[in-house]
Structures are given as structure tokens and as C-alpha cells.
Number of protein chains: 2
Amino acid sequence: MPERPIGVFDSGVGGLTVLRALKEHLPSENLIYFGDTARVPYGNKSPKTIIKFSIQNVRLLERFNVKMVVVACNTSSAHALEVLKSNFSFPIVGVIEPGAREAVKISKSGKIGVIGTEATVRSEAYKRAIVSLNPFCQVYQKACPLFVPLIEEGWLNDEVTYEVAKRYLKEVMDKGVDTLVLGCTHYPLIKDVLSKVCQGISLVDSAEAVAKEVEKLLPVRSKKREGQVKILVSDKTERFERISKMIMGNGIEIEEVSIE
Amino acid sequence: MPERPIGVFDSGVGGLTVLRALKEHLPSENLIYFGDTARVPYGNKSPKTIIKFSIQNVRLLERFNVKMVVVACNTSSAHALEVLKSNFSFPIVGVIEPGAREAVKISKSGKIGVIGTEATVRSEAYKRAIVSLNPFCQVYQKACPLFVPLIEEGWLNDEVTYEVAKRYLKEVMDKGVDTLVLGCTHYPLIKDVLSKVCQGISLVDSAEAVAKEVEKLLPVRSKKREGQVKILVSDKTERFERISKMIMGNGIEIEEVSIE
């Protein structure tokens, strides 16, 4: 049991920031990641489709005898977490709760901004999670659908990305937030641009928050010296390999699997 | 047989520019469109996955007893057209050939630019089609992966889109092309921005070119006064309905179907 892997899934490459944080916090654990690159992105799809895809993804991880699953995709966490929890017997952790908790802890004014994909924002999952932790918090959300394609294009520290960020964040900034939740696992990759646009505002990276949560909840620890990391994708592309190297470094094998 | 519909498919909403052109050129035909919105976009996926999805899409249209299929997606046309032709008995028309023919007809200098998704550009399908029509043509390609998300965000006549277009097109412009093929069915929607960036250059809209091709190849004509238009999607979203209205106007019913 202790050597059973922790499963992680995301719609694509963004969840690798969560995988990296898990590897840092729990170096002895075996980790298995699935990126649904054949159907990426999820953020512009309907709740019904997001739930269907999420269940298929956890079923795939189940075949590897996982002891726990981390939903590293904000869109899936927002729409499918409850359904997943009631369909599987192992613990399932999403990224929303830990991010919300961190934001409430950090914020002094109680004015918190949340950015994410269209589907994450429309779900209001962060808003609900934050307000249930502290009913006095005020939450201002903004969907930023161009961030994922800009990041996947590799325009990380770029003038265009800066212009887009300025436009997307104006509304939230005008409300006077002191904390901004990066409600999409891709976004930590443009932290530099976001910091420039949001001077004086604390950014909450949910990858870090979720890794700490997993550390707490893990039913049993691996006794290995160093865990193995395995990456599966539903479509193996050059683009995935390039971004994966950027986040996880060299030497990790990427394998294609069929999900349908 | 004459009243059997013409089938059209695309990865998402972009192919509606082809549907619109077909409706204008062949108003008496019944048209059935399938947009694979649950798995959109195709442009960043591998050839194997693009072929698999394309076959599934034509199988779906086959269930509606189509007399012909138009592959309104450049990415699918580039990678899957030959496989589709050998798997189905009705005529199947892609967007590459008609666009290439139009470009060769228009260009005076023989220097032709082609813009499209990563997968379309990597396939070199336009380059091959143009050079086989006229071996003296020189073709300069450029992938523009941010155009589709910018268009789907609705930033059509926008400063950011203009900046992105300027950056993407610089290389091709510097080669002195006199003709530019819009090798993605989304791109006609940002024709204004592209015209501003490409002053004095002829833009080839493959939607128009493919509609003329279908008119020529149609095995038998409908005798109806006015054909019906039906739109199917694998994921029904607000976004699709919004963009569909922008392209096709009001009053067209959109129905969700399962593709997997």
C-alpha cells in the first residue's frame, strides 16, 4: 500500500506545476500524472462534458492502483470534485479548497481577486469556498481565457501578455483587492508578468497550497528513498514535451495512452 | 437522393464561415454541420489524433445519409483528407486544394504566404498543393496559434490582435509575398485586422473557394426552394451559440450529440 502512487490529472500541461510542487514536498512518493492533451482545454467546455472527462481520467488512474488522486485542474475541481468523491473510494483532493484557504489566511482587507478559465469563474467555486471560510470576505472574479494559449505559445515574459494581463486585471484591481488567487495551474508560469501588473498584491499559487494539503491528508507514506514520476498523455505532442521539460526538467518519460 | 444533405464538419465554430458560404452559393441544399466542440481545438494535436477524430466525425455525418462531406477544418484537411476519402464512398472535399488553386490564380509574383494552426503549417499541405499547381511558386508559411483564441474571445477589431498579427506576419511580409492564404476557417473573422497589417496583399478566404468547388462537384442538386440548415455539436456551450449567431444569424437550432 505505501508504495502505491499518488495520481494527478489535468486537462493538459498546466497541472505539471502541481506535480512539481508534490515532487518537492513529497520526494519519496511515486507520482503518476495524466494530461488529457487530446481534449485540452476544459475551460471553455460545459459542466456536463467536464464531469464526463474527469470521471474517465480518474478511472484511468485507478488502473494504476493509486492511493489518492489530486485534481490538478481548476476547471475539473470546480465542476467535478463532488461527483468524483462519491464515485471513488480513495481520497480525492482538488485545488480550489487549498487555494481558497491560503487566500483567506493572507488577505488583510478581505478583498480577494480570483482569476481563472471561463468555466472555473462561471462555477463560482472559489467564491463559495472563500466566503464559507470567512463570510466577511469580498471576492472579485475575472475569466482570462487568453492566458492559457499565451503560456502554451511560450510568450511568458512578453509585452503582449503584459497588455492582455493589464486589460483582464483592471476590473479586479479597481476593486482594491490585496490578494489574487491564480485559479488556473498554468498561471504560475506568468507570475513575473502578473507581479508587474499587480504591484503590492499577494499572489496565491494553488500548486503550493495543494501540495501542503496532500502532505497532510496522505493516508500512508512511501518508504522509498526517491519516488518515481510517470507522465501519461492522451495525445503526445512536441508542444507537451517542450513545456514539460520547461517545468519538470529533463529525463521524465512521457507515454501516450488511450482514454476513450 | 437529391434532398440528402451536404455534411460539413469542423473542430469547432470556425467552419461556420464555410457553412455560411455554402448557404449563399447553394441556397436550396440541405446542410448539416458538426462542430467537435468537446475536443476543440485540433491545431495543437498530433496527426494520429486528428485522423481518429476526423473519421469519427464523418461517421456521425454518415448517419444522416449525407450525399457529400466538406471538411471545413484546415487541420483535418491537411492530415486526414486522404484517409477519409479511402474510408467513405461519397465525395469528400477539403479546404486546402480550393484555397491553393485560388492563391495560384491570384498571385502575380508567385510569392505566396500561408498562415494557419501549428498542425496545418507542420503538415506543409498548402505548400505541396501550391507547388504542384505551379512549381515556380515560392511558399512562406507561419503558424499563428493565438488567432483562434483571440477570435473566440471576440477581440476581432482589437489592438492586441493587431499587435499579435504584426508579430506573426512580419516574417512572411519581409519575404515580399503578394498573396496570403488564410489557412484556418476562423481567420476570415479578423480580415479587417489582417488587411491593415497586410496592406496591398491579396487575402485568400478558403471558405469562398471551397463553396465554389462544392458547387462544381455536387453529384446531384436539391430541387427544394430553400434548404434546411442543422447544426450539431459535441458540447453545447454559450460561447458556441454566441459565435454561431455572429456568423449565421439567428434562428438556427443547435443540438448536442455524443461522438465517442
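Glycine is no exception: its Cβ is also placed from the backbone N, Cα and C atoms.
Taken from TrEMBL as is:
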BINDING   B:ASP10, B:SER11, B:TYR42, B:GLY43, B:ASN74, B:THR75, B:THR185, B:HIS186  substrate binding site
ACT_SITE  B:CYS73  active site, proton donor/acceptor
ACT_SITE  B:CYS184  active site, proton donor/acceptor
Inset, instruction - Mind telling me which of the binding-site residues B:SER11, B:ASN74, B:THR185 has the densest Cβ neighbourhood, counting other Cβ atoms within 10 Å? - result: B:ASN74
Inset, instruction - Could you list the residues of the same chain, at least six apart in sequence, whose Cβ is under 8 A from the Cβ of B:ASP10 (substrate binding site)? - result: B:LEU16, B:VAL18, B:TYR33, B:PHE34, B:GLY35, B:ASP36, B:ALA72, B:CYS73, B:SER76, B:THR185
Inset, instruction - Measure from the CA atom of B:GLY43 (substrate binding site) to the CA atom of B:CYS184 (active site, proton donor/acceptor) and give the result in Å, rounded to a whole number. - result: 9
Legend entry - Structural state of B:ASN74 (substrate binding site), classified by DSSP into three states: helix
Legend entry - Lowest local Cβ density (other Cβ within 10 Å) among active-site residues: B:CYS73, B:CYS184: B:CYS184
Legend entry - For B:ASP10 (substrate binding site): DSSP state (helix, strand, coil): strand
Inset, instruction - May I have the list of same-chain residues other than B:ASP10, B:SER11, B:TYR42, B:GLY43, B:ASN74, B:THR75, B:THR185, B:HIS186 whose Cβ is within 8 Å of the Cβ centroid of the recorded substrate site, in sequence order? - result: B:GLY12, B:GLY14, B:GLY15, B:PRO41, B:ALA72, B:CYS73, B:SER76, B:THR117, B:THR120, B:VAL148, B:CYS184
Inset, instruction - Would you mind pulling the longest C-alpha to C-alpha span across B:ASP10, B:SER11, B:TYR42, B:GLY43, B:ASN74, B:THR75, B:THR185, B:HIS186, which the record has binding substrate, in angstrom? - result: 13
Inset, instruction - With an 8 Å cut-off on Cβ-Cβ distance and a minimum sequence separation of at least 6, pull the same-chain contacts of B:THR75 (substrate binding site), or say none. - result: B:SER11, B:PRO41, B:TYR42, B:GLY43, B:LYS45, B:ILE50, B:GLY116, B:THR117, B:ALA119, B:THR120, B:CYS184
